[in-house]
């Protein structure tokens, strides 16, 4: 196959055809190393192509080209890349309803599953480098398979892609496809070869390169050049002597055509494909009957790192194999059968070569077929190879599909050893061309010096034919010259147009130069502005440094002030903590006093409620007992009288007893009415006397409370005068602190003594009041006893008990008043104790705040006012307590009056009820006598039963009376306990509860003197600093340049900023910064 590594002596398209001696024939030798790049190293801007043929025999005196082999690393063996593409079912297979036996996991993958049918043990699964389903289009095949191989070819490798498979599976569609290009665009059905051409020229746009193509066909084991105009020319395959051992082959007489665009390459492909052998079979309407090889050779000019130029070459063989076919199924006959046999033979040889390469046999049968000879370097050689196996998914082609997949699977294990092609330097190539030119000149001179030439008839005919050919060529050249003259006229017209454009550009250039001069002037002015700006920048830097030093000084002073401020804040926090502790202590004492006061009020309220409950309970018990006794006595007296009358008179005196009973009943009613009248008179007398006693009690209580309030008011005035005098004395505390404190202590003792005397007087008054109240009560009790003695002689036991109950109730009321007075006395005593404790605590507090008094007179006055308000509130509370005692006494008296009124009303009700009962009893006695008359007549035994019932009821009544007495005694005992126990607990709580005193914590900060700076550093005026800096600069300049004119220094010292007239044009993007910088400079100056 094409692919020699040495370039022949032909100079490509640069050389003209020359006459050879008659014994020589013209042929073309394809160099395996990609031929001569003589005409390739120039970019072309025309789509013309040139066919090159090289002589079949090299000149005997020719010199071999000297090659520069690149330093290659040891090549690594790589496996052949195998890709499987499955087409969709065609119309014939759809009509035959042939099932699908090939399945893939997706559009592209690496596995292919083949369904072997229901009789098989299972399906077969193949693994390849890539597997494409029928959904994969031409673009996917190219991008995933061919694009990487094209890049490797441009890197200097020889690469081969060939399609293999059954006839009608899409090999030619994959390799060539739709070869039409419209306005430089390919259709979606374009195959690998058109896409390679377009991609190749796109990659070579920015490179100096050349591309040549060849297109040969293997038909019936005969090679044919599809690009040659002579159809009868046969090509031969020879071993390349320089490549023995490396599977090198060359094709004699094969023509190569240089192309300069992808369209030219596609045109060659179309011309060659038109000449290719195709025929219709039952399996394929356009079945390829031959194998084709489309070879693309690329030469690229490159440079080394040192800048040395060299030429690298690469070659891509695109092989479209004819499909294997079954003669019986395809219906091939005669000539087609012969074609099918030879195709199958070549493919069979290819399979044997693949098996031998995989098995590593000692002999590879390349020579058994020209196809394997062409693919010799691609199978196990130095070429990178990719096999695209095309299969049909139909069940009708299952046998061929299995054969194709087995071949492809075996080919995966073939290992090639790719190697980069050798490169040629530019100097070596020119030297070889010079040597060959000299050789040809010598041959031409030797030929011209001969006098005559003997020509045979064959040679003469050949010369005549060649002369005729030259004549035709001259005519063609003459036509071309005419065309070129017409083109020349067009070019002259274009030259005039270009000249006009050139003049316009020249005018533009002159205006641009003028603008450039203006810009240079502007730049000079800008340099002046920049110089002034630099001076301003130096001044700003100096001022910033001075401000920085001042800031450092201010920072150190600020740090010292912050430290002093931290100490002051800590001391203030300590003072605030002390004030907070005192405030908390005062709130705690206040809360303790409020809770104590609330507790006293609650206990007093509870005692009052318990007494009221006890009074109502006892009243209810007495009323129930009186009612029961009255009904029992009335009922039982009647029964006893009836029984005694019945027993004494018996049956003999029955009539007389009835009359006497009626008379006695009448007399009894009259006597009862008289008794009730006497009870009414007695009630009025008792009500009047009790009212007088209660009014006296209320007056005595009012008098006692008034005296207590007067005493407390007098004490309040004395205390107020003492506080006034104390406040006046505090004015002199600042000068004589010790004497003032002593006087204050004496005043405190005097106040305590006065308070004690006031409490003693209040206590004496209370005791005198209690004695007077006791005497009043004794007198009232004696009068009541006298009246009760008189009443006892007039009424029965019932009224005696009523009077006793009233006496007990009165004693209870008096005892309640006495207990209230004692409670008031205890409250005064406790207030005295608390006042003394408060005074002691205040005295201790006064001792603790001696230092505070020295530092703040206003604080002492505020403290005195607070204490005065506190004592004033205490005095108000005591007065309120006394008033509360008075109000409670009046309430008790009113309650008693209401109770007496209620009792009198109850007594009136009782008298009315007794009178009505008397009437009812009288009528009941009359009825009873009538009933008894009948009853005594019926049964004498009923009397004995009544007496027994009477005895039982008498016992029951006696028991009930005893129970009632116990029930009355038990609340009295519990009342004493319930009242005494809370009062004792209240007394103990007041004695045990004390106010919290303030204790020193040692955390109060002492007075101290803080040291801190009082002055701050300031930066010198900017003018002074700038003048100083300029003075230093002048000294430096004078020391460096003594010959400089002082006027120049003076001008530079007072040079003002020069404003550019076109500043807006120069600083269009930085106008704001220039304005800010100008303002900073003016501020600094």
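Cβ atoms here come from the backbone N, Cα and C positions, even for glycine.
Checked against TrEMBL, the range among 972-996, 997-1021 recorded as region 'Disordered' is 997-1021.
Remark: residue 170 (ATP binding site) has 85, 87, 390 as non-local neighbours, by Cβ distance under 8 Å and separation of at least 6 in sequence.
Note on the binding-site residues 165, 168: the fewest other CB atoms within 10 A surround the CB of 168. Summed and averaged per residue, pLDDT over the domain 'Kinesin motor' (79-414) gives 84. Residue 165 (ATP binding site) falls within a strand segment according to DSSP.
Counting other C-beta atoms within 10 Å of each candidate's C-beta, the binding-site residues 166, 167, 169, 172 are led by 169. Summarising the environment of residue 171 (ATP binding site), the number of other Cβ atoms within 10 Å of its Cβ, over all protein chains shown, is 26.
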